């Protein structure tokens with residue numbers, strides 16, 4: 001990959017600027033705050049878009065502007081690409097807008113997410129990392145901001161190792177073992193259940209044999225009972241024939257008797273309905289009279305009350321959601337609070353500087369006390385008087401620093417007290433406004449509820465009037481129907497008197513018939529009992545056979561699970577072995593590259609570096625481990641830079657299709673370097689052998705190591721660039 005040019009519009013301190021990037025080593029030169037990092041942030045945004053807290057829209061959009069855009073032109077494998085991304089300020093937030101990517105005359109307009117997917121394809125980055133908020137591969141191989149370069153070295157060991165696993169794809173072996181563990185945990189309960197299923201298999205087989213014998217005996221008993229039942233059925237048929245002879249005569253009797261009862265019930269039902277309707281009519285009249293006495297609870301309309309409640313609810317929500325726009329006084333308090341927070345931040349920074357300065361002087365004081373012949377401060381011959389003068393001067397400096405530090409702490413405490421008072425005032429004013437709004441809402445809701453109840457009662461009263469009218473008509477109709485039914489009942493009673501004598505004969509036949517039926521019923525009862533018992537036993541036998549089959553299946557399935565568990569165990573061991581061997585090889589490769597770069601930067605023989613199995617830097621001075629924080633500024637930068645370059649080399653070699661291996665950005669790589677160490681940057685440039693190297697630095701000496709310099713200036717809050725070519 002090679003970056004050809006980038007065009008920024010309303011990005012941070014840039015108004016509208018186009019910057020060309022030539023081949024070879026390029027220096028971005030300029031004072032602190034002039035816009036060097038802004039240029040690189042614009043490039044990263046063009047490629048990958050916003051990235052959570054690492055790169056936000058608020059970081060990029062120039063203050064006071066509503067829109068911003070970045071265009072970048074780059075080449076990959078002899079193909080030229082132009083990508084454009086933009087930002088737009090809305091009412092509540094700043095969002096990305098649709099961008100495009102052009103190549104070989106084709107232009108594709110894409111969403112921010114789809115643009116990122118397209119860039120991943122072009123750069124050869126693993127597609128499974130597209131969804132990640134952080135551009136880990138780009139940050140580990142191409143561009144690591146100055147403030148993050150040392151953080152990689154100082155990061156938590158497990159966090160750093162897990163991040164490396166994700167970048168190089170080795171975390172798949174860890175996922176395999178995690179999945180194996182999850183599968184084995186999933187199998188544990190089923191396996192235990194299977195064992196419980198077949199533990200009584202032999203007992204079930206014995207029960208099955210006993211049931212088969214019982215079913216056979218019941219079958220024989222049922223055969224005998226059915227023969228007895230057939231004989232009784234013949235006798236029953238004889239009595240039925242006699243009964244049929246008389247049934248024709250008494251059929252009319254039954255019909256009339258049934259009709260008589262139905263008519264009586266009908267009359268009774270109509271009388272009950274009439275009484276019920278008259279009672280309901282009386283109750284409804286009383287309820288209607290009670291409503292007429294009620295007054296309307298308010299003169300307001302329901303829609304007016306609802307609208308007012310909605311306005312107050314919105315007002316209350318605005319108080320709760322936004323701690324702005326309550327009153328001009330609160331806005332003033334908020335501005336005062338922000339100013340105090342800035343002052344507190346500046347005081348804290350000044351305190352930290354005093355502490356650092358005091359620490360340095362104490363170190364010089366200790367060195368003076370331990371020195372023998374040469375002064376560690378100025379390098380002159382160390383006499384007793386010289387030592388005494390230097391120690392006295394350092395103690396005086398420490399005393400003055402302690403005095404300054406105490407004054408700053410007092411100042412900070414005063415500012416914090418003022419900040420707390422402002423916060424309390426803001427909270428009181430907001431709570432008062434919210435309380436008053438809630439009170440108004442409560443009153444209106446009560447009025448709304450009273451009006452709703454009144455309207456409901458009014459509608460109910462009208463419905464009851466209609467119901468009274470309807471009930472009167474129903475009562476009138478029921479009285480007419482009752483008269484007709486009463487007349488019909490009298491006619492039926494007269495006819496029944498003529499058929500009374502035939503009932504005695506019917507009773508005698510019924511007794512004979514009933515006795516035969518009872519005998520038959522007892523036989524049927526025995527048959528039913530035996531059939532039920534036979535069915536139960538047969539069902540139990542079938543169930544036993546099914547359970548035996550399931551238990552044998554469970555036993556077989558448990559054996560299969562045991563085989564699968566053994567296979568999973570071997571797979572987990574194999575994945576651990578493969579991962580361990582890969583990581584050992586990677587550690588060895590990393591250490592070789594890490595040492596090579598560190599030795600290039602630091603020629604001191606007493607200092608050695610390596611990484612352990614978690615890729616944590618181990619630093620040794622004269623054979624003894626030492627802490628990273630105890631190194632000098634230049635030594636710390638050398639460790640971080642060597643580690644960064646080693647990461648670049650290793651990751652580029654592991655990701656086969658990556659297309660950024662010939663491009664790197666070094667952001668302030670010389671922090672704390674001595675004049676002699678600055679010359680090492682020339683050696684690094686030569687050893688990297690990359691098509692394009694962009695170095696961000698304010699060190700004038702580095703200009704002599706590169707082919708091209710892009711000078712960045714800032715005037716009236718706006719950054720501009722000017723290019724120069726070194727001859």
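Counting starts with 1 at the first residue shown.
Any Cβ shown, glycine's included, is placed from N, Cα and C.
In the predicted model, the domain 'Zinc-hook' (330-427) has a mean pLDDT of 77. Annotated domain 'Zinc-hook' per TrEMBL: 330-427, in sequence order.
A coil conformation is recorded for residue 375 (Zn(2+) binding site) in the three-state DSSP classification, outside any helix or strand. The 10 Å shell around the Cβ of residue 375 (Zn(2+) binding site) contains 16 further Cβ atoms across the protein chains shown. According to TrEMBL, the feature Zn(2+) binding site maps to 375, 378.
The list of residues near the compositional bias 'Basic residues' (383-398) in space but at least 6 beyond its ends in sequence, with Cβ under 8 angstroms from a Cβ of it, reads 358, 361-362, 364-365, 368-369, 371, 375, 377. The compositional bias 'Basic residues' annotation in TrEMBL covers 383-398 (among others).
Marked as region 'Disordered' by TrEMBL: 383-486 (among others). DSSP places the residues of the region 'Disordered' (383-486) in helix, strand and coil in these numbers: 103 helix, 0 strand, 1 coil.
The feature compositional bias 'Basic and acidic residues' is assigned by TrEMBL to 401-486.
Residues or ranges marked as region 'Disordered' by TrEMBL: 530-551 (among others). Long-range neighbours of the region 'Disordered' (530-551) within the same chain, counting only residues 6 or more positions beyond its ends whose Cβ lies under 8 Å from a Cβ of the stretch, are 197-198, 200-201, 204-205, 207-208, 211-212, 214-215, 218-219, 221-222, 225.
Among the features that TrEMBL reports, compositional bias 'Basic residues' is placed at 532-546 (among others).
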Helix, strand, coil residue numbers for the region 'Disordered' (530-551) per DSSP? 22 helix, 0 strand, 0 coil
